[in-house]
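Reading through the structure tokens given below for one structure.
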Amino acid sequence: MGCFPCFGGSKKQSNKKINSNNQQDDQADSASDTLKATLNDNVKNEESKKAVDQTVAVQQLNTNKKVDGDVEMESVKATSFTFEQMVKATENFKPDHFLGEGGFGKVFKGILKDTGQSVAIKQLDRNGGQGIREFVVEVMTLGSVDHPNLVKLIGFCAEGDQRLLVYEFMPLGSLDDHLHGPRRQPLDWNTRMKIASGAARGLEYLHDKMNPPVIYRDLKSSNILLGEEYHPKLSDFGLAKVGPTGDDTHVSTRVMGTYGYCAPDYAMTGQLTFKSDIYSFGVLLLEIITGRKAIDFTKSTRDQNLVAWARPLFKDRKKFYQMVDPALQGHYPVRGLYQALAIAAMCVQEEPSMRPVVADVVTALSYLASQTYDPQVHPVQNFRRQSYPE
Ligand SMILES: Nc1ncnc2c1ncn2[C@@H]1O[C@H](COP(=O)(O)OP(=O)(O)OP(=O)(O)O)[C@@H](O)[C@H]1O
Ligand SMILES: [Mg+2]
């Protein structure tokens, strides 16, 4: 799944409108049409203005200097590789090494010849929707972070017109593969909570620990990569934005992100806030609980958008059990389910100021992840059960 502007983007899905019976969403749809034209103009201006800066930025990356502009960061730790090293690591990008493809380009597994380290190498598709800006942002953002829930950027290659990013290899692939992939093996409740809690910690680092703080902008299940024992890490900072500083409450930007995860306020106004990420996190958490995709065009029109499907169910406790992934086969704690759904519901509220801050999400999910569910000890829930104890 690639990234694209939430409205007016290059990919097919972006032309589909979020489906809902909700009047507010209908208003959002008509507003988006107007917004589309404005955004497209902004994109052109922004792209041409930044093209010059980016050429300079890439040159500076190769000499490990600071970059000015909206991605200014501490010194970059990532190593600069030659293209020949990339070719050797992937046996000339052999199809056997192919891991997947997103909006940035193809990803290959590689082995660095000097160290024997396994890596994932992402090759920028020069015709793709994402570009040098994303490359620079990724190197600047990831190169300066060090957190157990963020994928490490080992290095990059910016030789000639080649642009490649070299990450630590995540052996269990993406959460998206595990939830929706063809060979999915159902994740148990404890693993799901562990993944949600780890993803929240990664986001907390970006929002609250980085200086300057960073808005992630592209939180989604395909960007949660899994290590040994399903240890989760956030990847892909190509859309990340340095957050608002001083008295500012938002950053104005063209609307980017992935359809289905994009906060409605951000989609309508282009004003990016930390609460935009919290909305996306709520969608992700719903996806983890329900096993449903954020957007699923194979479902009936009413049920295609996960949040629109969940909203009426949130209102009725008796219907909570309908939201659990059937793949869990009733193996989940009732109280844990209530609490997880409550967090998700708070995160996806229409009004951004009502959404929690990431530190509160981390506290709640860390607690949930610490409450280990044991199907041998705890009762298995009946699917057809009509009501739950208060
Ligand atoms: N560090 C990594 N380790 C292992 N596999 C990876 C790694 N990075 C990416 N992949 C694999 O490559 C696939 C494509 O990743 P990529 O980030 O390019 O696309 P995406 O996440 O689907 O979309 P987007 O471009 O919007 O991020 C992922 O689904 C994942 O399976
Ligand atoms: Mg990705």
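Just so you know, the numbers here start at 1 and follow the chain as drawn.
The backbone N, Cα and C atoms fix where each Cβ goes, glycine too.
What TrEMBL says about this one:
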ACT_SITE  Asp218  active site, proton acceptor
BINDING   Lys122  ATP binding site
BINDING   Asn223, Asp236  Mg(2+) binding site
COMPBIAS  10-31  compositional bias 'Low complexity'
DOMAIN    93-368  domain 'Protein kinase'
REGION    1-31  region 'Disordered'
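Within 10 Å of the Cβ of Asp236 (Mg(2+) binding site) there are 28 other Cβ atoms, across all protein chains. All protein chains considered, the CB of Asp218 (active site, proton acceptor) has 24 other CB atoms within 10 Å. In the vicinity of ligand 2, defined as a Cβ distance under 6 Å, the following of the recorded positions Lys122, Asp218, Asn223 are placed: Asn223.
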